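Below is one structure, written out as structure tokens; the observations come after it.
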Amino acid sequence: MPDVIPADSVGIVTPQIAQFDTPLALCCGQTLSSYQLTYETYGTLNQNASNAILICHALSGDHHAAGYHAVTDTKPGWWDSAIGPGKAIDTTRFFVVALNNLGGCGGSTGPTTINPETGQRWEASFPIVTVEDWVQSQVRLADLLGIKTFAAIVGGSLGGMQVLEWSIRFPDRLKAAVIVASAPKLSTQNIAFNEVARQSIRRDPDFFDGNYLDNKSVPTNGLGLARMLGHITYLSDDAMGAKFGRQMRHDSYQYNYGIEFEVESYLRYQGEAFTKRFDANTYMLMTKALDYFDPAAQADGDLAAVLSKAQCEFLLVSFTTDWRFAPERSEEIVNALIKAGKPVSYAKIEAEEGHDAFLFPIPRYMAVLSTFLTRVANRLTTEAN
Amino acid sequence: MRSDLEMIDEWIQPSIRVLDLACGPGELLHHLIENKQVNGYGLEIRPEDLNTCIEKGISVLEQNIDEGLQNFEDQSFDLVLMTHALQQFRRPDLLIDEMLRIGKECIITFPNFGHWRSRLHLALKGRMPVSDFLPYNWYDTPNIHFFTFQDFERLCREKDIKILRWAAVDGHLKDHWWIRSMPNLFSETAIFHISR
């Protein structure tokens, strides 16, 4: 943590656990008889519970979206740049809920937790979960917190897919949807990247078909590789070029397979750091959830037909150098919303950071988000009077 | 509200689907949404204008019109609007075709370069006119095509475009009988309501 907590930080936060004992039927056909969700909240829920914002996390995110867990923390939550007093997601006006999705490794029920029916860790036996399942479980969390309708649901990337699903499946439970750097379904290339990531994990001899913890092992090589691949796709060619170029470790080539270029060192470091905080089975599950998501499939690919159910207003944001979820993918959603006659605004933000841009405090991006949510907040005030 | 916008307002039916190209800070759209309950979308590329629209609760999309409008389906809007912007695009003729493909009807307003003061300025000074209404130099102007009331009429004729109605107003955005009688000479702003 910094020496002094910044005035626009939510400060020290403590994760909470919600226990659910009503069975949850999953898309894959299996049922979770009970489960836990770990979540954090920032700000205060108002009297009529109308000022709540749900934050949906992306592939490697969790419930810790803002603030610090302890005074010894060096880094705040993953979206601290956007959440806090006076920030785009203003905690002086909104009550913010962020959770770790089912199947995650941040404390919610998932491969690393104990299956109450067997007393053993779930590991490979944890069922495949989908975006639909997550939204279902989030609805129950909302019920538990007494939130009938969210003022807004916000998410980037895989998080944006959850927001889209909310707007279609539970149209009366959100007033605004913010979908950042996302897509209505993955492209073939995206699925291909995910498969390479999963294969690199599966082929690690330490994977043990997913039961590595039982075998007192961790597939660090496979997971590290998967993350390295992911990392390349999250950045843009320009951003990597600007950061590393062909910068070298030594003055001249060594003609071996050690680290020659700085970018190699960076990727190895990122891969390794990731294995210390993330679970391989969860990574597999999350990439599968991405692959399966395709809400238009239920209407023969007609996204506009599916979105005609939506009742909220939308804000879509994309980033110019994002090639993993390119602006055109966001525009597919925008065009479908227009065809369906729904209120939607769209900003294509000039950014160098590639897909990762959605995590950065890029001034124009934050301004658009802030303007949109300020109006949402103002409308709440008007409606209350 | 700008009076050319006021004039357009009278021509617009309530509750229709409107697309406003280069909508700026959304003045007209906001008015039409509030007073005519239209279902409106604006297209704009200036970040500050985009933000102003979002602030007002207008549906606004960041899209470069010069890069095409293929994402909009044929006849998917009742009305496509473009106020004071046609002169800023690369191919106004093709853009008008696109507008009439997307919209059942279109309303276009533009500065009339045939106005007597422009003519006099060029004739006497031999330099491109700079006025309160067109306050740019030839090199920094966003207006890359200059055309007149008559030029536009002629283009409509060549393209078999129906002119449903037109109006011509002066610098104070008033319409007078002399402007109506000689719009190419006296109007500063030309307003056309067209369809196929």
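Glycine residues also receive a Cβ, built from the backbone N, Cα and C atoms like all the rest.
Per TrEMBL, these features apply:
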- A:Ser157: active site, nucleophile (ACT_SITE)
- A:Asp322: active site (ACT_SITE)
- A:His355: active site (ACT_SITE)
- A:Arg227, A:Asp356: substrate binding site (BINDING)
- A:51-359: domain 'AB hydrolase-1' (DOMAIN)
- A:Arg324: site 'Important for acyl-CoA specificity' (SITE)
Let me spell it out: for each of the recorded positions (A:Asp322, A:Asp356), count the other Cβ atoms within 10 Å of that residue's Cβ, using every protein chain shown. Which one has the most?
A:Asp322
Using DSSP and collapsing to three states, where does A:Asp322 (active site) fall: helix, strand or coil?
coil
Within the predicted model, mean pLDDT of the domain 'AB hydrolase-1' (A:51-359):
96
Report, in whole Å, the straight Cα-to-Cα distance of A:Arg324 (site 'Important for acyl-CoA specificity') from A:Asp356 (substrate binding site).
10
Far apart in sequence but close in space: which same-chain residues, 6 or more away, have a Cβ under 8 Å from A:Arg227 (substrate binding site)?
A:Ala197, A:Gln270, A:Gly271, A:Phe274, A:Thr275, A:Phe278, A:Tyr283
Quick check for the class: what is the C-alpha distance, in angstrom and rounded, between A:Asp322 (active site) and A:His355 (active site)?
4
What's the CA to CA span in angstrom from the residue listed as 'active site, nucleophile' over to A:His355 (active site)?
8
Pairwise Cα distance for A:Arg324 (site 'Important for acyl-CoA specificity')/A:His355 (active site) [Å, integer]:
6
Who sits close to A:His355 (active site): which same-chain residues at least 6 apart have their Cβ under 8 Å from its Cβ?
A:Ser157, A:Ala181, A:Thr233, A:Tyr234, A:Leu235, A:Phe319, A:Asp322, A:Trp323, A:Arg324, A:Phe325
So which one is it: of the recorded positions A:Ser157, A:Arg324, which has the fewest other Cβ atoms within 10 Å?
A:Arg324
